[in-house]
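Here the structure comes first, spelled out in C-alpha cells, and everything after it is commentary.
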C-alpha cells in the first residue's frame, strides 16, 4: 500500500476507535466527539512502534480541511441569529471571553517566572492548553524572529502534552459548573428558548370590533397603525360575510377585524379601533383558509413582498413570517430569503395560485446547493489569509483557516440570498458536514501528538507540562464560569458555548452541543465570541513573547 492509502486507512481506524471511546459515559458524562483525539493518540503509539510511515502532506490537508468544514458549517448554522445576539448579549459575552484570555496570559507569566519554565515551552504549553493551533504557529514565528533556536520541536512537544488535557480541562469546567450550581439542563434549554423567542410566539392574534365611529367609511390603510405596517389584518367579518381585506377595503362600524402583531402594537390598535371580542381566531370558513408556505422558488429570492403583488393579484394576506425560528410581522419592504416560512390567508380558489408563486417545494429543503458552499469556503480561506499589521509586532496577524471561514459563513448566512445563490443548508446536511469535519481534524491531531506522547509522559517532563497546562486551562475557565453564572446570570448552555469559544475549541463545542442536542444556545454564544477571541488568541502569545523576552 502507498503511504497515502495507509494514512487514509489509519484515519478511518482512528475515527472508529475514537467515536467508540466517545460513547463511554461516567455518571452520564463522556468525552463525546473528543474521544477521537484519544483514539488518534492510541493508534499513533502503535504506528510509531511498528514504524508505519504516514504521509505528512495528506495529514496536513485533512487536518486543515476538516477544521474548515467544521467552522464553516457552524457559521452557517448560527449566522441568522448571530448579529441579533451580538446586539443583545454580545458585549457581556465578549467581556467574559476577554477576561478568560487575560487570566490565562497571567497564568503563563506565573509558569514562566515562578516555575522557571523556558519561554518556548511555556508558550507551547499555553497554545496547547487553550487548544489553539494558530497560536502555536504565531508563537513559533515570533520566537524564531527573536532568535530562540529549535522552537518548532520544543513548542510542538509541549503543545502536544497540553492539548489533550486542554480539552479535558474545558469539559471538566463545564461539568463542575453543572454540578456546583445543580443545573437542570432541560430547564436551562427552556429558559433559553423562551428568552430567544424560539419556543413561544412573538406574534399574537386578536379580534377587535370596530366601535370607533370616526373609522366608519375609512379604508383599511387610512386607519393609524396599518400604514406603519406594524400590524396585519388577516380577515374581516361583517355580519355573516367573511373576507380577506385589502388596503382599499372600507371599514364599517361593528366590523370584526382579526389582527396579527406583537403585544405593544396590538394594544395600540385596541385603543384606536375598539374593544376585543371572543370571535374565533384560528378557525376559518370553507371559503377562506390559511397555509404555512416555505419560500423555495428561486425567482422570488431577494425580492420584496410588495414587488410580488400577492395581495393585489390574489387577495391573499401574508400575516406572519418565520425566519430562523424568529417570527416577524411581514411588511411590503420585507425581502424574502430561502427557507422563510410564510403564514398566508386567502380564498381557497386562489390561495394555491399564490402558493405556487412562493414555491413551497418541500423536496428543495432537503437539497444542498453545493456552489454556495464552495464559494463560502473559498472566500473564507482568502479572508483568513489576509495579514493584519500592528505597529510594534514583527509578525503579521491573520484570522487563519479557522477564523476566516467562520467570519465569512456568519456574514453569508445573515445575507441569506445573493441572486439565485442561497446559503441555506438543511440541518441534517449541516450536521453531517460538521461531524465529518471535526472527526477528521481531531484524528490528525491525535496521530501527530501521539507518537512521542507516552515517551515524554513516562520518561520526560510530560507530567509537569501537563500540570502547567491544566492550570492554564482550568483556573481561568472555572473562575469566569462561576462569575458568569453568579453575577452575569447567564444560561448554563450559553456559558458552555462561551467557555468553548474562549478556547476556540471545536471539540468542546461539540461536547457542549451534545449536552442538549436540539438547542442552539452553545453554538450561538461560541460564534458570538469566536471572532474576537481568535484574534486575541493569535495576538496574545506574540505579546507574551515580546514582553517576557524583553523582561
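These residue numbers are counts, starting from 1, taken along the chain as shown.
Glycine residues also receive a Cβ, built from the backbone N, Cα and C atoms like all the rest.
Among the residue ranges 157-177, 178-198, the one that Swiss-Prot annotates as transmembrane segment is 157-177. Among the ranges 337-357, 463-483, the stretch that Swiss-Prot annotates as transmembrane segment is 463-483. The list of residues near the transmembrane segment (402-424) in space but at least 6 beyond its ends in sequence, with Cβ under 8 angstroms from a Cβ of it, reads 67-68, 71-80, 82-83, 133-134, 298, 301-302, 335-339, 369, 371-372, 375-377, 379-386, 504, 527, 530-531, 534-535. In terms of DSSP helix, strand and coil, the domain 'RCK C-terminal 1' (191-275) has 22 helix, 24 strand, 39 coil. Within the chain carrying the transmembrane segment (157-177), a Cβ under 8 angstroms from the stretch's Cβ atoms is held by residues 29, 31, 34, 37-38, 41, 120-122, 124-131, 136, 183, 445, 448-449, 452-453, 456-457, 462, 465-466, 468-470, 472-474, 477-478, 481-482, 485, 492, 495-496, 499-500, 503, 505, 507-508, 511-512, 515, all 6 or more beyond its ends. By the Cβ criterion (under 8 Å, sequence separation of 6 or more), the transmembrane segment (463-483) is not in contact with the transmembrane segment (370-390), since fewer than 3 such pairs are found.
Listed by sequence, the residues of this chain that lie at least six past the ends of the transmembrane segment (438-458) yet keep a Cβ under 8 A from its Cβ atoms are 10-11, 14-15, 18-19, 33-34, 36-45, 47-48, 54, 59-60, 62-63, 65-67, 69-70, 157, 159-161, 163-164, 465-466, 506-507, 510.
Per DSSP, the secondary structure of the domain 'RCK C-terminal 2' (277-360) breaks down as 23 helix, 29 strand, 32 coil. Sequence-distant contacts of the transmembrane segment (529-549) (same chain, at least 6 residues past either end, Cβ-Cβ under 8 Å): 71, 93-94, 96-98, 101, 104-105, 108-109, 112, 119, 122-123, 126-127, 130, 132, 134-136, 138-139, 142-143, 146, 148, 390, 392-393, 395, 397-400, 402-403, 406-407, 410, 498, 501-502, 504.
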